[in-house]
Amino acid sequence: MKIAVIGTGYVGLVTGTCLAETGNDVICIDINTEKVKKMQNGEIPIYEPGLDLLFHRNIEQGRLHFSTDLAAAIKASEIIFMALPTPPGGDGAADLSYILGAAKDIANIIEDYKVIVNKSTVPVGTADKVKAVFENNSSVNVDVVSNPEFLREGVAVDDFMKPDRIVLGTKSERAKALMTELYNPYVRQGNPILFMDERSSELTKYAANSFLATKITFMNEIANLCELVGADVDSVRRGIGADERIGKRFLFPGIGYGGSCFPKDVQALSMAASEVNYDFKILKSVMTVNQEQKLLLVSKLLKYYNQDINGKHFAIWGLAFKPETDDIREAPALYIIDELIKKGATVTVFDPEAMDNINNIIGDKVSYAKGQYEALENADALLIATEWSLFRTPDFSRMEEKLISKVIFDGRNLYDLQKMIDMGYYYNSVGRKLIN
Ligand code: UDX
């Protein structure tokens, strides 16, 4: 099939590349000439495991193209994906100007039937607004489909190629048939393509992310409680996760969820509810608890140092909001660094992928280490903010040589408690206690 993808951000690039992989002819459009030139030359603008292989293969085999020429791409395509940003506007609600602007541009170009697919996370009712743009600007028949993405950064290619489900909001039989043909290769294992109305589809995305954020937050509060009552959160997690109604996944406590989706979507759903005079109380608590959880390590640290960390030096391992990504949006590390500096401490950081991104935001407020051990030089304590694999089995004797004191505050529960005690560390993690 002939596909256009408008917007080559994270979602657009993964979508375009993965659609080319099953034999479609895909053209990705962006207004950023520089970026398009780079992609035409085979340069991939984001770090996402497994994507580079598919990206290069499909460019070489002539199925994946990049261009700034919107009109030519639209005319040549049967299905047009919109993967455009929807940043929070001044009032906190999603800013739809990119999507509605693109819809107008497309409406002015099209000469025959197209399926317009929205991949961005948008408020309920957006599909209707997009439809209205077409009705007001073109006499050509189009179908607008809401198709939320559920890609996780770090495993986005796998998530796209083998999705748990594909959600499609449309009532049009013609669009349903085309979208089924397009997505059938991705659901060979029997996972469902779920058709529903546009509004339900739009809400599904917010509901899924908000539910998961709530699940994590609930576990974070259980972990906090474990510490106070002398229980062990790993045991509780296994105990409840074995119940199939609860499930094992997304039960890992830590220092709060971050990233480009959960924080934004929980806030957007809460706001959307209040716009129709519904007070979504759970979501408000989730946001408050998560904000506090991001600073959990700082409050533990302050307690350990009797509320005075002025002049202390700390190492931070992990800056990305989670492993296998260079994304630092809403990352707990950002909040931790800010707080430590405010309280008079100095900080050296290390992350395998996110150093440049942090540098762009906080510049020389912190020192940057070339490696994980170098980061520990003269540090009073180590703080672990992201569970990168290389932090899981470190050389503890090398760590001892560098650290001033054997003190670790671990926001991701990476190490065995008994081992840490045996090695003489002060080791403070989240919600855990030794089981004797
Ligand atoms: C998420 C959704 O999973 C995806 O479906 C959606 O389309 C986009 O948002 P992503 O933000 O890439 O994906 O990350 P995810 O792996 O879901 O993790 C989100 C956050 O939750 C991270 O900060 C992670 O550290 C945290 N998390 C996750 C926990 O704290 N505990 C867990 O058990 C799982």
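Keep in mind that glycine also has a Cβ here, set from the backbone N, Cα and C atoms.
Unlike curated records, TrEMBL annotations are generated automatically.
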Let me know which member of LYS264, LYS402, LYS406 TrEMBL also records as binding NAD(+) at the site of ASP30, LYS35, THR86, THR121, GLU153, ARG329.
LYS264
According to TrEMBL, PHE150, LEU151, ARG152, GLU153, LYS205, PHE250, LEU251, PHE252, PRO253, GLY254, GLY258 bind substrate; which one of LYS104, LYS312, LYS322 is annotated to that same site?
LYS322
Using ARG152 (substrate binding site) as the reference point, find which of the recorded positions ASP30, LYS35, THR86, THR121, CYS261 has the shortest Cα-to-Cα distance to it.
CYS261
Pairwise Cα distance maximum in Å, substrate-binding residues per record: PHE150, LEU151, ARG152, GLU153, LYS205, PHE250, LEU251, PHE252, PRO253, GLY254, GLY258, LYS322:
24
Distance check, please: Cα of PRO253 (substrate binding site) against Cα of LYS35 (NAD(+) binding site), rounded to an integer number of angstrom.
38
For GLU153 (NAD(+) binding site): intrachain residues, at least 6 apart, with Cβ closer than 8 Å:
TYR10, GLU48, GLY259, SER260, LYS322, GLU324, THR325, ASP327
